[in-house]
Each structure stands twice: as C-alpha cells, then as structure tokens.
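Here is what TrEMBL records for this protein:
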BINDING   B:53, B:54, B:55, B:56, B:70, B:71, B:72, B:77, B:78  FAD binding site
BINDING   B:230, B:235, B:238, B:256  [2Fe-2S] cluster binding site
DOMAIN    B:1-102  domain 'FAD-binding FR-type'
Ligand SMILES: Cc1cc2nc3c(=O)[nH]c(=O)nc-3n(C[C@H](O)[C@H](O)[C@H](O)COP(=O)(O)OP(=O)(O)OC[C@H]3O[C@@H](n4cnc5c(N)ncnc54)[C@H](O)[C@@H]3O)c2cc1C
Ligand SMILES: Cc1cc2nc3c(=O)[nH]c(=O)nc-3n(C[C@H](O)[C@H](O)[C@H](O)COP(=O)(O)OP(=O)(O)OC[C@H]3O[C@@H](n4cnc5c(N)ncnc54)[C@H](O)[C@@H]3O)c2cc1C
Ligand SMILES: Cc1cc2nc3c(=O)[nH]c(=O)nc-3n(C[C@H](O)[C@H](O)[C@H](O)COP(=O)(O)O)c2cc1C
Ligand SMILES: Cc1cc2nc3c(=O)[nH]c(=O)nc-3n(C[C@H](O)[C@H](O)[C@H](O)COP(=O)(O)O)c2cc1C
Ligand code: FES
Ligand code: FES
C-alpha cells in the first residue's frame with residue numbers, strides 16, 4: 001500500500017546523543033503490518049535525498065490505525081526525516097517483506113544487538129498476546145543507551161529482559177553472546193529443540209548468535225539489512241546469499257521481499273561473489 | 001557579506017492566488033544595502049534546488065537591522081523559500097550589485113510593471129527622505145494584484161501612485177506606457193531634460209518605457225534580470241549587452257555586478273549573439 | 001491544433017497511442033529494465049494494465065548470481081548500482097517466469113544481455129512472436145569477454161554486428177539500447193540503425209563511483225556502478241535530441257524521469273516513448289502520474305494526439 | 001601513522017602542502033576556471049590567500065562576447081551553462097587584468113582555450129614564468145574549427161598534439177584539462193601524458209540539455225551546455241580513479257565538490273589536489289571549509305600530511 005501517513009507524534013527518545021527517534025504515524029498500513037515487516041519512507045519531498053529509507057515496524061495499534069517506528073539518525077536521510085513535525089504527512093510504502101514466525105509452541109527467545117531491538121518489540125508483544133513465553137537478551141553500549149532505545153517500552157509490555165553492556169554499566173559486562181551463554185547453561189534456552197529464536201542486530205553478532213542457537217537445535221530467524229532501492233523485489237539491490245538446506249544449492253534472497261526475516265540456517269554470512 | 005539572517009516574519013500578502021510573499025530578515029546586510037541592490041538567498045539547505053536565488057531589497061531598516069524582501073512564488077526555488085518560518089535562519093549573500101542613482105535635482109519618476117515595483121519601493125523612500133519629488137506609474141493585472149503586491153506600502157510611505165490595469169478594474173485601462181503618455185502630456189514628466197526615471201518590470205515593458213523617456217531627454221535607469229549563478233561577477237552567466245554611447249562599442253555587462261541597474265541608453269535590448 | 005484558447009478542452013480525449021515502427025503502444029510510458037523486476041513486483045502499487053508497457057530485468061543464457069553486496073549507493077539526485085545482471089538464466093526464465101509474464105495485461109519487452117555474440121544469438125533465438133514477449137531490447141553495455149572486455153556498446157562496429165545478429169534470429173521488434181559512455185552517441189545510433197534496429201532506447205546508466213571516506217574504499221563492492229536518476233537527465237535529453245536529428249528509427253527516451261514534465265522534455269527532444277526506472281523507487285505511482293500529466297499537457301497545449309509533440313524542440 | 005586512537009591529536013599540525021610535479025601548492029584546494037572570474041570577485045567572501053590557488057576564466061587570443069542568453073539553467077543537483085568562453089581576449093587580459101592578478105596572494109593558474117593549434121600556440125607563448133602566472137591549464141574541450149568542429153579533447157592524437165605544442169611554447173607547468181565526454185578517459189589521459197603534460201585536471205563539464213516544456217525549446221539559447229555540480233560527481237570520481245591507475249602525472253580532481261567529504265573522495269580516488277567550481281555559487285566559503293575539513297580528516301584518521309591520503313581507495 002502507498003499511503004500519505006499523518007504524523008501523530010515525533011520525538012527524540014532519552015539522551016539526545018543517541019539520536020533515537022520515535023515516530024508514530026496514522027495509516028491503514030497499521031491494519032495489515034506484522035512484526036518483522038517494514039515500511040519504505042519517503043523522507044524528503046524534493047530530490048535530496050532521492051531514495052526512500054526502510055524502517056521496521058516497532059509497534060502496531062490496529063484499532064487506532066497507528067504504526068510506531070523507532071529509528072536512529074545515521075546519515076542524511078534520517079536527519080531529514082527527523083525534521084518532520086506532528087500533523088505533517090509522510091509517504092509510506094508498506095507493509096513490506098515477510099515478518100517473523102510466531103512459534104506454535106515452546107519458548108520464544110529474542111536476541112538484539114544495539115537498535116536491533118526495534119523490530120523485535122512487536123514480535124514480543126504478539127507472543128505475549130498469545131501467551132507464548134518470551135524473553136529478550138539485549139546487548140548495547142551502556143545504561144543510557146538502553147533507556148534511550150526504549151527499554152521502558154519492553155518493561156511496560158512486561159517482557160523479561162536480560163541486558164549486557166560493553167562497559168558493564170548495566171546488566172552483564174560483555175557482549176550479548178556471553179550473556180546468553182551465561183544464562184542458558186542448564187536452562188531451557190540453551191537446550192535447543194523446542195525453542196524459537198529471533199535475532200536482530202549487526203551482521204557479525206547475528207552470525208555468531210545464529211550459529212550458537214542452531215547448534216543447540218533451536219529454530220532461528222534473523223532479520224537482515226541491506227541498502228534498498230525499490231523495497232518490493234524489483235531491483236535486486238538488496239540481496240543476501242542463501243544455501244538450500246537439502247540441495248546445498250546457493251541462491252540469492254531478496255532482503256526486501258523474501259526477507260527481511262530469513263531462516264538462520266539458510267543464510268550464508270560471508271559469501272563473496 | 002555572507003550572513004545567516006534570522007527570519008523576523010514571513011507571510012503571504014493579500015490574495016494567495018498572486019503568491020506574493022513578504023519576508024523580513026534581521027541581518028547586518030541591512031546596514032549597507034542600497035535601493036536597487038539585491039541579496040542572493042540560499043533557499044534550501046540540501047541540494048534541491050542547488051543554486052541560490054536573487055531577490056531585490058524591498059525595504060531597509062538600518063536601525064533595526066531589518067531587510068524586507070518581496071517575492072512572487074514562481075518555481076521550485078521560491079516555493080521552497082516560502083516554507084521558511086519565523087525564527088529560522090537563511091543564508092544570504094549581499095548586498096550585491098549597483099543600486100539606483102538618487103537624482104541631485106529634478107523629479108524622480110518610477111515606472112513599474114507587475115512585481116517590478118518591489119525594488120523601486122526603497123528608492124522611493126530614499127528619495128522621499130531627501131525631499132526629492134517622486135511618483136510611481138505602475139501597471140498590473142487588476143485591482144487585487146495591486147493590493148497583494150504592496151500598494152498599501154506605497155500609500156503608507158506617501159508616494160503618489162498612478163495605476164493602470166489590463167482589465168480597467170483600477171486606474172487607467174491599458175498598459176503602463178499608455179498611462180504615462182496620458183499623464184505626461186503637458187506635464188513636466190514628459191518634458192524630459194530635468195527628470196530622472198527608474199524602470200523595473202518585464203523586459204519588453206522596460207524597453208518601450210526606456211525608449212519613450214530617453215526621447216524626452218530624461219535620464220533613465222533600468223533594473224535588469226537574468227538567471228544567476230555566482231551573483232558576484234565570477235561566472236558570466238548573467239550578462240546583458242551594452243553599447244557604449246560614445247564609441248558605439250558593444251560589450252557585455254554583468255547584471256549581478258555591473259547592474260542590476262543600468263543606464264537605459266546603454267542597453268541593447270534585442271541583441272542576439 | 002495548437003491553440004491554448006480553443007474553447008473547453010477539459011474533456012477532450014487525447015490519442016495516447018504511439019507507433020514505434022513495428023511496435024504499437026497504447027500510451028508512451030514504459031518502465032525500465034532492471035527496475036521493474038518481472039512485472040509483478042510493483043503491481044500492488046501501480047496497475048500494469050494502465051502502462052504503455054514494461055521491460056523485464058536483463059536476461060542472459062546462464063543463471064547469474066550477480067555482484068557481491070553492497071550493490072547500491074545513493075548519489076546527489078541519483079544512485080549508482082552494480083547488480084551485475086543477476087537473473088535466473090534463460091531456461092529458468094522460460095520455465096518459471098514466462099508463464100506468468102505472458103499473462104500480464106500490457107506490452108512486455110524482454111531485455112537481453114550477453115558476453116559474446118553467441119550469447120546474444122542464444123537469447124534472440126529463444127524469443128519469437130507468439131511467445132508472450134512483444135519486443136526484444138538488446139542491452140549492449142556489457143563487456144565482450146572474447147574481446148578483452150571491450151564493450152559492445154562503445155564500438156560502432158560491434159554494436160552493429162550484435163544488432164544485425166539479433167535481428168536475424170528473431171522476428172520480434174528489436175530495440176537497441178544505447179550506452180551513454182561514448183564520445184559520439186550519434187555514431188552509435190547510426191550503427192545500430194544500420195544493423196537493423198527497429199527502435200533505439202536510450203540511455204543506459206553512466207559509469208560512476210562513490211567512495212566511503214571512513215572505510216577508504218569504494219561504496220559498491222564492485223567499485224564502479226551505473227549512475228541513474230534525475231542527475232543524468234540533462235545528459236539523456238541531450239543525447240536523445242542529438243540522435244533524433246540523425247536517425248529515422250523511433251526513440252524510447254529514459255534517464256532520470258520522475259515527473260510528467262521530465263517525460264515531456266524527452267518527447268519534445270524527439271523521443272516517441274519514455275521509460276521510467278529509478279523514478280519508480282521514489283514514487284511507485286510515477287508511471288501513472290506521467291501518463292496523466294502528458295495527457296493533460298497535450299490537452300492544455302491544444303494537441304489531439306501525443307505523437308504531435310514528439311520532436312517539437314528539435 | 002594510521003591509528004585512530006593515537007592520543008590527543010586535536011592540535012596536531014597537518015602538512016597540507018601538495019607537490020604536483022613542478023607546481024607546489026600550500027594546500028590542495030583550488031577553484032575552477034570559469035567559476036571564479038579573475039580571482040577578485042569572491043574576495044569579499046573567501047580570502048584568496050587561504051586557498052591552494054585559483055584558476056582564471058578561460059582565455060582566447062581574441063576577445064569574445066560569448067553566447068546569447070540565457071546561459072544558465074538549473075538541473076537536479078547541478079546546472080548547465082553555455083557561457084561560450086566570453087573573455088576579454090589575450091591583449092586586454094595582459095594589459096588590464098594581469099597587473100591585478102599578479103598581486104593576488106595565491107597560486108594563479110591561467111586557463112587557455114582555442115579553436116585551432118595556432119590559437120593554443122599564441123596563448124602558450126604569451127605566458128612564461130615570471131609573468132605572474134604560475135601554471136597554464138589547457139582547456140581542450142573546444143571545437144577545432146579547422147577540423148570540422150571535432151573536439152581536441154575527444155581525440156587522443158589531437159589532444160597529444162595540442163599539449164605537446166603548448167609545452168614547447170611555455171616554460172610554465174602545463175595542466176591538461178580533460179573532457180569527460182569520451183568513451184575512454186584513460187586513453188585521453190595517456191595521450192596528454194605522452195604530449196608532456198605535467199599535471200592532469202579533470203573533469204570538465206558533461207554535455208547536457210534542458211528543455212522548457214512551455215516554450216517547447218531548449219532552456220539555453222545555445223541549446224546544449226555543460227553540466228556541472230554534485231550531479232556529476234560520481235562520474236568525475238570514477239574517471240579520476242581510472243586515470244590515477246594508468247598515468248604517473250599528478251591529478252587535480254574536480255566535478256561537483258561542495259563539502260570536504262566530497263574533496264576527500266577525490267583524493268582517496270587518486271587526486272593530489274581538488275578544485276571547486278559550481279560549489280562556490282552555493283557556498284562561497286566552500287573552499288575554506290574544504291581545506292579545514294581535509295585537515296581535520298587527516299588529523300582524525302591519524303595522518304601527518306595530506307599527501308598520505310592520495311589514492312588510498314585505489
Ligand atoms: C528492512 C530494514 C529495516 C530497518 N529498520 C530500521 C529501524 O527500525 N530503525 C533504524 O534506525 N534503522 C533501520 N534500518 C536501517 C535504516 O534504513 C538506515 O539506517 C537508513 O536507511 C540510513 O539512512 P541515512 O540516509 O540516514 O544514512 P545514509 O547516509 O544513507 O547512510 C549512513 C550509514 O548507514 C548505512 N546504511 C544506509 N542505508 C542502509 C540500509 N538500507 N541498511 C543498512 N545500512 C544502511 C550506510 O552504510 C551508511 O554508513 C532498517 C534497514 C532495513 C533494510
Ligand atoms: C537581480 C534580481 C533581482 C530579483 N528580485 C526579485 C524580487 O525582488 N522579487 C521577485 O519575486 N523576484 C525577483 N527576481 C526574480 C527571482 O530571482 C526569480 O523569480 C526566482 O529566482 C525564480 O526561482 P524559482 O526557483 O522559484 O523559479 P524557477 O523554477 O527557477 O524558474 C521559474 C521561472 O522563473 C524564471 N527565472 C528563474 N530564475 C530567474 C532569474 N534569476 N531571473 C529571471 N527569471 C528567472 C525562469 O525563466 C522560469 O520560467 C530577481 C531576479 C534578479 C536577477
Ligand atoms: C538497479 C538497476 C538495474 C538495472 N538493470 C538493467 C538491466 O538489467 N538491463 C538494462 O538494459 N538496463 C538496466 N538498468 C538501466 C535502466 O534500465 C535505465 O536505462 C537507467 O537506469 C536510466 O534510467 P533511470 O534514470 O530512469 O533509472 C538498470 C538500472 C538500475 C537502476
Ligand atoms: C559557469 C561555468 C563556466 C566554466 N568555464 C570554464 C572555462 O572557461 N574553462 C574551463 O576549462 N572550464 C570551465 N568550466 C568548467 C569548470 O572549470 C569545471 O571543470 C566543471 O564545472 C566541473 O566542476 P564543478 O562541478 O565543481 O563545477 C566552467 C564551468 C562553469 C559552471
Ligand atoms: S530493494 Fe529492490 S529488490 Fe530489494
Ligand atoms: S551571476 Fe555570475 S557573473 Fe553574474
């Protein structure tokens with residue numbers, strides 16, 4: 001759907017140095033959006049920047065037709081987007097891609113690195129709504145980062161969260177995989193088979209976390225990111241490399257259309273050419 | 001001077017269909033600006049549009065360091081400019097070019113076509129301040145145009161104004177040259193020699209008005225317009241063609257640096273190549 | 001025919017049909033190869049049955065995984081891409097894609113590429129009238145591996161040869177797609193006309209590069225890529241204008257079209273049809289808005305048929 | 001030399017000097033011919049004594065009134081111009097302009113153009129060391145009237161010949177300015193290197209056109225014009241990157257530089273110096289900001305001298 005969504009609210013979250021924005025939009029896209037899907041946002045009406053920017057759905061209120069986006073100001077596109085004010089309109093394409101799978105049974109473990117928590121939030125809420133047990137392992141820089149990146153939203157939703165920070169200012173000191181290893185020794189998390197894992201964060205982190213959980217026999221989904229042109233599968237700008245489990249055949253997957261959620265076991269993380 | 005001028009106020013004037021804006025800026029450029037000079041305004045902070053836009057100084061308040069610009073929304077650049085809000089800042093280069101000459105003696109006759117009245121207003125006020133007799137002949141579309149284009153500003157300044165409109169809804173029916181011819185029969189305006197004339201408007205209008213007054217022996221200045229790149233005389237994008245009165249030699253004048261005000265008798269209006 | 005005051009034109013029907021030699025289009029607006037997938041991807045946004053036609057992603061005889069990532073980077077008013085001709089290959093296309101493509105309710109142009117004359121021959125032979133494809137666009141901007149990587153599209157003799165070969169092997173209308181990375185575009189256009197091209201489409205992308213100054217390496221994994229989008233429009237319009245004066249075959253103009261005004265520029269410069277590429281990424285409704293805008297322009301300017309405006313700025 | 005954590009670098013002095021063969025610049029930032037007049041116009045905005053140098057408006061033997069108006073049109077992230085080499089001519093330049101130019105407290109490069117070999121000979125002979133001009137930039141993008149308007153800058157043999165001639169007639173460092181409107185920029189660069197060019201500057205403008213759809217005619221009176229500004233930067237960076245790998249002479253990179261980041265792109269691609277043209281129109285302080293930005297970039301990335309970053313993305 002292409003929609004001129006109305007900006008309901010738009011503000012910086014927490015410490016401005018993290019440049020994390022919360023953008024709430026009123027749009028019919030909220031009627032259909034699923035956790036893990038994204039929208040393609042036209043950040044400027046002119047030609048600068050030219051291309052739309054993909055942003056994950058971070059919360060959905062179907063009744064109010066409200067979509068929440070959380071994003072970090074990174075470069076020109078998000079800088080321009082951050083100028084948009086409540087009451088103005090933004091052109092959105094969406095909902096795009098394939099979202100996460102809600103497990104039929106067993107626990108759902110979410111693993112986030114940095115702002116990778118954003119697309120996991122609606123998944124956690126959906127799991128909650130279906131009384132699927134869910135918890136989040138989340139690695140980040142320091143305490144202020146977590147508060148600025150919406151830790152409160154997770155707490156409000158009543159999701160158990162374990163944190164690890166690089167400086168040890170909150171949670172365990174170290175990266176998120178250390179945290180998981182620590183927590184899972186003996187617990188069902190690490191035991192594999194029955195549980196489902198959803199991972200989102202920097203590529204290196206998703207790789208190691210995915211490999212770790214796959215070894216335990218868990219079913220793993222990862223949320224990939226690539227630069228996008230069309231976001232509908234038409235330009236082949238955003239592909240990743242996949243290996244068919246059975247045939248071993250290597251093929252490309254379109255992050256925008258076949259993903260951004262992929263089976264961890266299919267992703268070839270370091271494929272070049 | 002390059003200055004980040006603060007927007008004091010910015011609003012549409014009169015009937016919105018004429019798309020005429022009044023923009024008041026606080027800037028040190030107001031300390032130096034002269035009637036007939038202009039500023040080169042960066043309308044967008046991004047690349048769209050890329051080039052600055054030249055706009056004449058329409059009023060100067062040296063004490064308050066305020067510069068007034070009046071402009072018509074024409075294309076993309078002025079559309080983007082029109083979005084700027086009070087309190088924001090605009091990058092200005094100026095004051096640029098050479099302004100009008102205030103006559104030492106005799107009457108000053110101003111002739112405007114359409115929004116050509118804008119750069120004439122500060123000249124009229126300067127003349128007024130020096131008790132030089134001054135009047136304006138102004139041709140436009142219809143009554144609403146004049147009110148939207150700042151007729152009130154002229155009346156407030158106490159300048160005698162004669163209007164002609166194409167539809168006869170105000171003033172004389174017809175163009176501004178008809179109006180001048182009518183008014184000047186027998187009066188000093190048409191008698192030439194002693195009086196100074198300043199003309200601004202569409203090129204065809206400036207040409208006929210200039211030729212008319214030159215015949216009467218008046219000294220005529222015209223305000224030329226060309227698309228501009230640098231606005232400081234560095235790119236040769238904006239030239240006009242001049243003929244030296246005595247030598248007959250043809251040369252280019254830079255509208256931005258040598259003008260925008262030129263001697264009517266020097267301008268070759270229809271020179272091609 | 002050309003009076004702006006000609007009564008109430010607001011309801012006048014404009015004939016939007018254009019005839020590109022053997023190829024007739026219901027309106028002059030196409031979409032570009034490589035930006036419109038296989039015709040279904042944009043369907044939820046822009047109904048293809050309203051378009052003059054679509055051009056499929058470039059195909060080669062063998063399947064290709066294309067270039068490594070990243071493949072895209074944004075540039076001022078444009079973008080560079082190095083997709084590297086990722087495509088399912090001829091066999092898979094015919095088997096899995098063509099059945100759906102032939103159901104598309106619009107004119108469909110296949111875009112074929114190759115790295116040798118043999119490749120082009122294989123591709124051309126596979127497409128004949130009745131196959132569900134209405135015309136063949138020949139992308140000659142690929143390196144010719146047999147000739148040390150020199151490009152077919154930058155040497156008039158090679159270009160002529162490729163087009164003549166394709167023309168011999170298919171009975172479909174043949175569109176020669178020109179690369180702008182040449183000294184003399186007119187020479188290239190004349191060469192493909194000699195080769196028998198029924199139509200010329202232009203321009204393909206300009207070769208460009210962006211560098212990541214923090215990583216101190218090119219932004220694209222492939223280092224160089226093709227520059228497209230509004231940034232290149234002045235180059236494209238200039239080339240169409242030059243070629244329109246030099247050849248008789250009809251021209252499909254493309255390169256940076258985003259709005260109907262952009263499309264009209266190309267038509268006034270001599271293009272009989274236009275094609276939208278990068279513009280779809282910005283505004284998936286661009287093709288529809290361009291069609292409506294061209295129609296309204298004709299109406300306002302007092303024309304009865306869109307073909308009347310072709311080449312008016314020559 | 002290259003550690004981002006190397007202590008407090010905030011005050012470290014960076015050596016900004018660059019050596020372009022026989023021409024040494026105090027910093028790598030120049031301004032482009034045709035966009036900086038004769039060096040005085042921008043003085044109230046940007047002190048020339050801070051610049052690496054300036055390039056004067058293109059000069060020809062005879063005075064030229066240039067092309068009719070309009071000469072400029074804006075395009076997406078760029079502009080097209082057809083000034084048509086308006087200039088006072090050699091004699092008037094030497095007489096009325098040079099005395100002021102030689103007082104400019106910076107390196108001054110004269111830019112010479114011609115429509116025949118004779119023209120270039122005349123121009124080159126007029127400039128020798130000690131005349132107040134520090135180097136000669138040879139604009140070879142002009143039509144050669146004797147050869148049916150073919151351009152010196154698009155044929156390697158002509159380009160080599162022009163440069164060799166200029167080189168013979170002047171003892172100043174000779175900069176060959178390349179046109180991007182060619183199939184093979186590397187071939188052109190090698191040709192001017194053979195001709196004896198001390199330095200290569202690139203790129204000149206891309207040929208472009210815009211059409212006024214209401215008037216149904218090209219926006220520029222001259223119909224076609226030169227496209228400059230950020231829009232062309234990817235093409236310019238790509239060409240510098242290609243040429244830097246193929247020749248030994250130092251390169252001055254230009255084409256769409258507006259910010260220091262843009263300048264660093266060119267340097268990483270292999271340019272030893274950069275030049276700002278259209279960027280001045282947007283931000284007259286661009287050259288200063290670029291110098292400061294490059295310095296700060298070197299500091300932050302742990303380099304001691306700006307020359308160290310040249311070609312790091314090759
Ligand atoms: C499916 C998907 C969902 C996303 N969801 C979110 C989200 O919920 N919140 C959020 O903050 N960000 C999200 N992103 C990333 C976001 O799209 C980029 O940060 C944004 O496009 C950067 O644009 P920019 O103009 O600000 O930065 P640019 O100036 O374009 O680039 C700044 C840096 O960001 C990187 N970058 C640019 N575009 C992308 C891209 N598409 N993917 C990855 N890196 C990129 C570049 O490498 C560059 O170093 C998502 C990306 C994808 C593909
Ligand atoms: C010295 C000078 C003083 C000016 N003072 C005023 C003023 O006080 N108030 C005012 O409303 N306008 C003034 N103008 C005209 C104003 O600069 C243009 O209207 C404006 O630049 C148009 O920009 P745009 O992007 O809105 O339109 P564009 O999309 O750029 O163009 C719209 C139309 O305006 C014409 N145009 C564009 N640029 C210029 C230009 N530089 N000169 C003439 N025509 C142009 C084009 O032909 C085009 O048809 C002045 C121009 C000059 C040269
Ligand atoms: C992502 C992308 C992929 C492309 N792939 C092809 C292709 O496979 N074959 C081809 O002939 N042209 C290809 N092109 C070029 C376009 O068809 C078109 O000629 C060019 O992009 C200029 O038009 P635009 O500025 O409207 O995009 C591609 C362009 C883009 C942006
Ligand atoms: C208005 C204008 C006039 C120019 N005149 C000349 C010239 O006389 N000689 C020349 O070699 N290049 C000339 N150029 C080209 C510039 O020197 C430069 O190569 C080109 O504009 C690319 O740089 P930019 O994108 O930074 O402007 C001119 C460019 C512009 C915009
Ligand atoms: S962004 Fe175009 S295919 Fe994914
Ligand atoms: S605008 Fe550059 S010389 Fe006048």
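Just so you know, the numbers here start at 1 and follow the chain as drawn.
Glycine is no exception: its Cβ is also placed from the backbone N, Cα and C atoms.
Keep in mind that what you see is a predicted model, and the values were worked out from it rather than measured.
The least crowded of the binding-site residues B:53, B:72, judged by other CB atoms within 10 A of its own CB, is B:72. For the binding-site residues shown (B:70, B:230, B:238, B:256), fewest C-beta neighbours within 10 angstroms: B:70.
Proximity to ligand 4 (Cβ under 6 Å from any of its atoms) holds for these binding-site residues out of B:70, B:72, B:230, B:235, B:238, B:256: B:235. Counting only same-chain residues six or more apart in sequence, the Cβ atoms lying under 8 angstroms from the Cβ of residue B:235 ([2Fe-2S] cluster binding site) belong to B:229. Checking the binding-site residues B:53, B:55, B:70, B:72, B:78, B:256 against chain D with a Cβ-Cβ cut-off under 8 Å leaves nothing. Taking Cα separation as the measure, residue B:238 ([2Fe-2S] cluster binding site) is nearest to B:53 of the binding-site residues B:53, B:70, B:78. Across the fold, the C-alpha of residue B:53 (FAD binding site) and the C-alpha of residue B:256 ([2Fe-2S] cluster binding site) stand 12 Å from each other. Take the mean position of the Cβ atoms of B:53, B:54, B:55, B:56, B:70, B:71, B:72, B:77, B:78, the recorded FAD site; other residues of that chain with a Cβ within 8 Å of it are B:41, B:69, B:74, B:81. Residues distinguished by a CB atom under 6 angstroms from ligand 6 are absent from the binding-site residues B:53, B:55, B:70, B:72, B:78. In the predicted model, residues of the domain 'FAD-binding FR-type' (B:1-102) average a pLDDT of 97. All protein chains shown were included, and the count of other CB atoms within 10 Å of the CB of residue B:55 (FAD binding site) stands at 24.
According to DSSP, the secondary structure content of the domain 'FAD-binding FR-type' (B:1-102) in residues is 13 helix, 46 strand, 43 coil.
Spacing of residue B:72 (FAD binding site) relative to residue B:256 ([2Fe-2S] cluster binding site) is 20 Å (Cα to Cα, whole number). In this structure the C-alpha atoms belonging to residue B:70 (FAD binding site) and residue B:256 ([2Fe-2S] cluster binding site) are separated by 18 Å.
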